[in-house]
Amino acid sequence: MNQLFVEGIPVLKKIENHGFEAVFVGGSIRDYLLNKPLHDIDIATSAPPEVVQNIFEKTIPIGIEHGTVLVLYEEKSYEVTTYRVESDYRDYRHPDKVEFVSSLQLDLSRRDFTINAMAMNKSGEIIDPFQGQVHLQKRILKTVNEAEERFTEDPLRMMRALRFVSQLDFNLDEEALKAIRTHRFLLEKIAVERLAIETEKLWRGPALQKALSLLQETGVDGHLPIFKENTRLIDLARKYAKSAFHSLEEIVAFFHLLKEDISIEQWCKSWKLSKAVEKASKRLVSSFSYYKEKGIDAYCLYELDPSRIASFVHLTSLLTKSIVHEDDVRKRYEGLPIKSTKDLEIDGYDIVQAFPDIRPGPWITELLQEVERKVLFQQLPNNKEQIMEWVKKWNPQEKS
């Protein structure tokens, strides 16, 4: 049994000692059976939320209206949710009615896919009323009960289906495929922020090509921001996107480089992405453009944040005929004399002191940038005395 489950068993036992059922549920069971790494575990119980709060000393009611209580136990946290059934999804996301129940099978019956509708008790026994293990073995993604019902309750489940195809390299069963084709238009009722989360996960999956094929085959791409106005964009992307992406900013940069008339600002506005993603996407595009013109030199490396190196290398592999190795890029990056302006042995104050009779202005930034480049290209050592000796030969009046 995985260590996370072992650590969570005392929580199950504590609930059971008060006369209620408690089991591990959801994606952690799926990933455990697939021998994938686990990041967290969820617990479901027949105990009502107020009882869970009474059983444990430290709890946070993070979603108590839906039966979820965060339990803080032995320096770890666990989401504990009461068995429930749901009905009437008028906003295509949140059920209008939630009823707490005592039956685990009823709770599992409301879940999206059979591979996510399994539970495990403290002894490691798998509770699997919808043949999730069979579907895992056959690598089939099938909804719990009627696909139409599952997808109309929350249309985002259609994007989740395609995302799981990409992540797990599974096949969609025919009923799910048919239901997605029929109800794909409902995706336009989903908040774009929720779509963005699933879309990013899809593009980061190892079976990306299979998922993109389904995205087109089902017509889902025609209901996604930007793609619905650019009907050939997925076709174009499939020609180049041969492997999984690393980050959201890499995905945005990739599409901008594929079709430059759609700006990064437009991508980020349409998908309601953060300013941080917009900025990082622009940096990636800038690094890629510099690389195409001048190759990987010290300045190209300097402009790359270490967290973006994998994305940069991936973009070069997809969009150029060059072969760039990530390990080589990281090694060369580590060998840079400076990693940022903060590493320079001088700053603007030193320059002002060197020219006390010259009025400060943009020339200071220009001079610092020149110093930065010379140190980067090892034309000057990063030594304050030697840098200042060179600085004093510079004539700011020619630049002011």
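Going from the start of the chain as shown, residues are counted 1 onward.
Glycine is no exception: its Cβ is also placed from the backbone N, Cα and C atoms.
Per TrEMBL, the features are as follows:
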type	residues	note
BINDING	GLY27, ARG30, ARG111, ASP154, ARG157, ARG160, ARG163	ATP binding site
BINDING	GLY27, ARG30, ARG111, ASP154, ARG157, ARG160, ARG163	CTP binding site
BINDING	ASP40, ASP42	Mg(2+) binding site
DOMAIN	24-141	domain 'Poly A polymerase head'
DOMAIN	169-220	domain 'tRNA nucleotidyltransferase/poly(A) polymerase RNA and SrmB- binding'
DOMAIN	250-391	domain 'CCA-adding enzyme C-terminal'
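On the structure: features taken from TrEMBL.
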residue : record              : CB count, 10 Å
GLY27   : ATP binding site    : 18
ARG30   : ATP binding site    : 21
ASP40   : Mg(2+) binding site : 13
ASP42   : Mg(2+) binding site : 18
ARG111  : ATP binding site    : 20
ASP154  : ATP binding site    : 20
ARG157  : ATP binding site    : 24
ARG160  : ATP binding site    : 22
ARG163  : ATP binding site    : 22
Per DSSP (three-state), ASP42 (Mg(2+) binding site) is strand
Return the maximum Cα to Cα distance in Å (whole number) over the record's CTP-binding residues: GLY27, ARG30, ARG111, ASP154, ARG157, ARG160, ARG163. 21
Around ASP40 (Mg(2+) binding site), which of the listed binding-site residues (GLY27, ARG30, ARG160, ARG163) come within 10 Å, judging by Cα atoms? GLY27
Alpha-carbon distance [ASP42 (Mg(2+) binding site); ARG30 (ATP binding site)] in Å: 12
Cα separation, ASP42 (Mg(2+) binding site) to ASP154 (ATP binding site) (Å, whole number): 21
Taking the domain 'CCA-adding enzyme C-terminal' (250-391) alone, what is its mean pLDDT? 95
Using DSSP, what is the helix/strand/coil residue split across the domain 'tRNA nucleotidyltransferase/poly(A) polymerase RNA and SrmB- binding' (169-220)? 39 helix, 2 strand, 11 coil
